Structure formats: structure tokens, C-alpha cells
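Reading through the C-alpha cells given below for one structure.
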Amino acid sequence: MMQVLLVTISLAVFPYQGSSIILESGNVNDYEVVYPQKVTAMPKGAVKQPEQKYEDAMQYEFKVKGEPVVLLLEKNKDLFSEDYSETHYSPDGREITTNPPVEDHCYYHGRIQNDADSSASISACNGLKGHFMLQGETYLIEPLKLPDSEAHAVYKYENVEKEDEAPKMCGVTQTNWESDEPIKKASQLNLTPEQRRYLNSPKYIKLVIVADYIMFLKYGRSLITIRTRIYEIVNILNVIYRVLNIYIALLGLEIWNNGDKINVLPETKVTLDLFGKWRERDLLNRRKHDNAQLLTDINFNGPTAGLGYVGSMCDPQYSAGIVQDHNKVNFLVALAMAHEMGHNLGMEHDEIHCTCGAKSCIMSGTLSCEASIRFSNCSREEHQKYLINKMPQCILNKPLKTDIVSPAVCGNYLVELGEDCDCGSPRDCQNPCCNAATCKLTPGSQCADGECCDQCKFRRAGTVCRPANGECDVSDLCTGQSAECPTDQFQRNGQPCQNNNGYCYSGTCPIMGKQCISLFGASATVAQDACFQFNSLGNEYGYCRKENGRKIPCAPQDVKCGRLYCFDNLPEHKNPCQIYYTPSDENKGMVDPGTKCGDGKACSSNRQCVDVNTAY
């Protein structure tokens, strides 16, 4: 266990019960005034670097409802990637990308001492601002703007006066991303070794946030103000997702200060569609990442606060969400973004039987004044089911040393420039190959982790580190010179597979039969050819692609590259032409790119049935 030296700074703690006050969050009816007492916590023998403004670990003491509270904070070292970038635009439209220094940032997460279920997300840039959970209840804290005073207000969000408007909701109306099979826990599933390894591996979401022009105007045309707000939001996201073994690294922030790059409209489905296409066409070509979220201050139609594609993580167009900056309290905006990202990760809206130990959970369809940062049992199981079935690969990859937004910080579990390894804090590290205090290898060690590292030594050259996953994949071998398994290699695209029923595409063999089984269950088969003629209609039941929200009919030769038609073979169903359709994710149920659509032909990415040699 990490030993700490406690250096007390003498600041009295005088709780004061107030009746009403105007704070950044609005008019608060019930609050306490506290004077946090700082207790600096450093590992025994550690010395704070003179150029370091913000310590890696801090403690604060104050009282809530007359009871002492000890707030334990650690710098959120996963917040940024090493080459974190910010993009804005010059008056003549030129792209300006910078890499601001973010090594010594002031964003922390933590917990309350002696409260196992507690958590905290705090900005310590100018006093303490953020939230903490104490005994199952969520409190907000922010400094009072008084001269020469350390006074802070502590209050519950439910005590902030609300504007007279309908509660904000998520725009997703039907969230099933695949068949309505009963959800089972991992212990109930017959998982393959590959699925079990995938499920137990930590996940890393490399995130880019885009702030639109109306956000730029809302915050006084200040890039710094927008940056600060988004940093605080991502800090909260990290606390929320850490319980799922998911780490969120901010790779980039883009601000549309010279006008929007898409039409940001009140109609959420149109805006999300345009944003996803812009991400695939433009943003991904400039900045490789896993997920993008658009933050806007436009009023969406109705009480909608956001919208996200369901079960879409890692998809170049659909791994995206849009969120309204609907509240002064950044905690509430972070909850909305966590909710939409939850949809990207396969989670549906909570139903009445779902529970998280609080009055409202992350995936509730309505944002509540009693909102919590907890995922319900339903969300956890749906997320697990999505991971097992889809195994999105991009989130397995740690951010590269050259990708992580913040320069190297030892102890954040991310190996960054200048580090050999990173096993967490000295208190948490259990890796004998890595010195947790220095993030350097221990004497005699060649490596600390990786598929080609065994007991601190490189595995012998030729050792299989990634077995072939099917006939379109190949086994990858250790080189004997590195702890990392080489880049995943596949059979060439277009090679026949599955007894000539398909063609290899990016290591898989996409065939319609398997896609129907995934959507409708084990008894499903591909529908008769005549059903695919519906794809010439150009409506939700059949089309090939969308342009500016309009569904484009398939040309006669392309009908097998549009909507997938199946038959579930269940006795109660007589319709031989069945499709999977959900308005919130119309892409679900389309024929997968690379699927065979005729002899020597495969579906291209723009849903045309072309010669297999040109399809990829």
C-alpha cells in the first residue's frame, strides 16, 4: 500500500447553511458554505517537481451536513493523448491546428475516504469545481466568487432551480441493435477463449469532440472557455466509464469558430447523419480516432438533448453522437454525452425493471434532477452482449505514444513517450517487470507486458501471438525483438471463402446467411431473390445509400447490396421477405460491405455490386 506524508495547510472549516444563492449552475435553493482544508498526499520519499503546478495526488477535508469528509484526488492521467491537438479556423477558412501543453493539467478524479461506492470528478484549476458521490447521493461543489476567500458552495443538483421546461430526453426511440434475445451474463454464456479474452481486456476509446459555431458564440468567442468546459466534461466521462474498464483519452478538440462544417439543424436525425458523414469524409482523414461527439447549443426539436447511433463503436460513419450543451452544470452535459456514447457501445434505454442503486441511471431515457453516474444492471449486460457479439477492435488498442493527448505522466496505465512501461501508481502496480515510481523496466527485464512478453522477457521468434480467426485470417508471430504482436495480417481481400459462398474482406468472410442469423436467430436464412427487388423502391424498406437524408434506390444490378432480406423460418411468421429496421439506426440491417452479390462480384463500400477485384 502506498505510504503518504500528510502536510496540513491550516485553513479552518466553517460550514454554513444557506437558503438561496446564484452560482454558475443557476439559482441554488439549499447549499452549504465550506472552506476546504488541503492535505497534500505524496508517496513516501517523493519530491514535487519545482516546475509542476498541480500535484499528482491531493486531499481535501471539509464537512457536509456536519459530518467530516475527506476527498482523495488523483490527477486524471488518462485525460489527454501525447499529441493532443486543437483545431480552429482563420477568418479566411484556413485550418489552424496546435498542440497546446497539457502535461501539468488540473483535472482530477477520486473518491471519498471510507466510502467504497463513492467517486469524484474535480477541476482544481481555480478552487474546487465538480461533483462527488457521497453515501449514494451526488453533490456539486464550486468556489464562491468572494475576494480573498477560500469559500466553496456544496449542494445537490436537485436544489438548483429549473427553468420551466420539459425534462430533456435522448432522441433514440428504438434501441435494439440486434435480435431481442434474452440477455445473459458472461457466466451463463458458452464463450470462446477469444471472446473471453476480449471481454476481460481493458478498452480505450480515443475521442474527438467538435464544438460548433453556436457554442463558439455562446462562450463569448473564447477558445479557452470552450476548452475548459470540454476538459471538465471529459474528466467526468472518465470517472463514469472507469467502472466498465473503459479509458477515454481525448485525442482532439475541434472548434468551428469560423462557421459550421455541416448544417447543424434542430432535427437530430438529420444532424447526426450529416455529422457522421463529415466525420468519415473529413475528420478521420485528418485525425485517426475511435469516436466523435458533436457538442452544440442549438435547441433540438422537442425536449431532445442528444442522439447517438446504437452498437456502432469503431464504425467510420456511425461511431458518433450529438449532444446539446443544454445546462450550465457541466455534470449534466457529461451525463448526456456518456448516455449517447453508451448507445454507441450497445446499450439501450433502461426499462422500469432496470436498477443501479440510485433513483436514475445513465441510460434512463430522460435526464433527471436525481441523475447518477451509475450504469444499470441492464446497461452492463447489454454492453457485455454487444462486446461479445461484435467485438469492436479499435477500442482494444491503447493510444499510441504519439496519440495520447497529454504528455507523459507516469502512473496512468498508458505507456507514453519516455516510458518503458506503466503499471499504475506504486499502490496499485502488481507488475514485477515495471518500476511504478519511474515507469522504467526493472533491472534485467526486457519488457513488462504485451502479447510477446513472458516473465519480463521477449517470447521466442515464431511464437504465435495472435491465432488465425477463421479462414480469412492468418496467425501473427512474435519477432523475438519486441513485446508487441505485429500488426494484424489477413488473407488478401477477394480470396474465396466459405466454400466459395463469399470473399475475404479485412480478415472476415461476410456472407448473407451469417448476417441473417445475427439479426434473426439461428434458424434464419437468406430470403428469395425476388425480395431484394424492394431495394429499388428508395424508402426505409429498400434502398442502397443515403444522400443528404434522401434514400437512393438501388440500380437493378445492385439490389443485393442494399437492405438485407431474410426469413426467420418461425412457424408464426409467414412473410418470406423480412428486414431488420430501426429508425434510430437505419444502417443496421443493410448488407455488409464485401459481401458476395454474384459470381465474381462483391458489394463495395458505396453499395454497388462490382467485380471482386475492384470492390475493395
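Backbone N, Cα and C atoms are what each Cβ position is placed from, and that goes for glycine too.
According to Swiss-Prot, C429 forms a disulfide bond with C423, chosen from C421, C423, C439.
Looking up C354 in Swiss-Prot gives a disulphide bond whose other cysteine, out of C356, C361, C369, C378, is C378. Among C433, C434, C447, the cysteine that Swiss-Prot records as disulfide-bonded to C421 is C434. According to Swiss-Prot, the cysteine that forms a disulfide bond with C577, out of C509, C516, C531, is C531.
Per-class residue totals from DSSP over the domain 'Disintegrin' (407-493), listed helix then strand then coil: 0 helix, 15 strand, 72 coil. Each of the disulfide-bonded residues C456, C509 was scored by the other Cβ atoms within 10 Å of its Cβ; the lowest score goes to C456. Set side by side, the disulfide-bonded residues C485, C504 differ in how many other CB atoms lie within 10 angstroms of their CB, and the most is found at C504. In the predicted model, the domain 'Disintegrin' (407-493) has a mean pLDDT of 88. Within the same chain, residues at least six positions away from C361 (disulfide bond) with a Cβ under 8 Å of its Cβ are D350, C354, T355, S372, R374, F375, S376, S379. In terms of C-alpha distance, the listed recorded positions E340, H349, C452, C516, C577 place C452 closest to E416 (Ca(2+) binding site). Using C504 (disulfide bond) as the reference Cα, a 10 A cut-off selects C497 from the recorded positions H343, C456, C497, C516, C566. When Cα-Cα distances from C531 (disulfide bond) are compared across the binding-site residues H343, L414, E419, the shortest belongs to H343.
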